[in-house]
Amino acid sequence: MLWVDIFYNLFLLLGATLAVATNAVHNYRFVLLTFIAGSLTLLFSCIDVTINIHNVFNASRYSAAAAGFIFQSFALIFWVVYFGAEEESMAKQTINGFTMPRGTNTGNDNTTVGPTTTIVSPQPQHHQINMNGNGNGYQGSPLPAQQQLQPGQPNYSSVVVAPTADYAYKARALYSYEANPEDNNELSFTKGEILEIVDNKGKWWQARKPDGTVGIAPSNYLQLI
């Protein structure tokens with residue numbers, strides 16, 4: 001049973017790492033929580049077995065293993081809180097306060113957030129917008145070569161905004177975002193605002209606000225609901 005628990009948790013750790021690295025936690029959070037619950041069940045069984053081993057040779061190593069399993073269970077309980085709590089909950093906001101810089105990106109202005117970290121882009125990038133679907137793209141303003149951002153620099157990409165698109169998804173704003181004043185196609189929104197989304201692929205998503213305003217929003221500021 002000990003080896004089963006070890007390999008089970010290795011695969012769980014790999015899956016959680018991939019979900020976080022690909023920014024897909026909101027899509028697989030319930031799957032992760034299910035496997036974490038199974039891991040906790042195995043852990044508690046292993047703890048019970050190792051603690052009650054007394055009459056075997058070198059029983060002290062089993063006691064050490066039991067201590068390791070107990071610490072591992074603490075880590076999994078932390079995962080339950082992190083993956084299970086909603087973004088608006090105090091627990092999730094407290095955790096994010098220790099793991100994410102604070103502040104808001106406001107267009108091209110330099111903003112100092114948390115510990116000062118400078119992000120250097122090798123080349124300015126643009127995004128193209130086609131508001132009428134006829135193929136005539138609009139070149140948005142370039143990003144400055146050096147700026148300080150929070151929670152991460154949105155990567156601009158080609159986006160086609162179709163007025164008659166089907167808004168199949170909804171997303172909640174994790175942070176406030178101020179649109180670039182030189183680009184009328186970007187949307188400004190506040191933290192917690194609900195936006196309708198056409199497609200959840202790419203770095204920029206076509207979105208519609210409750211007042212009917214249509215434009216694009218950086219995907220790393222949004223979470224699907």
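Backbone N, Cα and C define each Cβ position, glycine as well.
TrEMBL lists region 'Disordered' for one of the ranges 92-123, 124-155, namely 124-155. Taking H, G and I as helix, E and B as strand and the rest as coil, DSSP gives the domain 'SH3' (166-225) the counts 3 helix, 26 strand, 31 coil.
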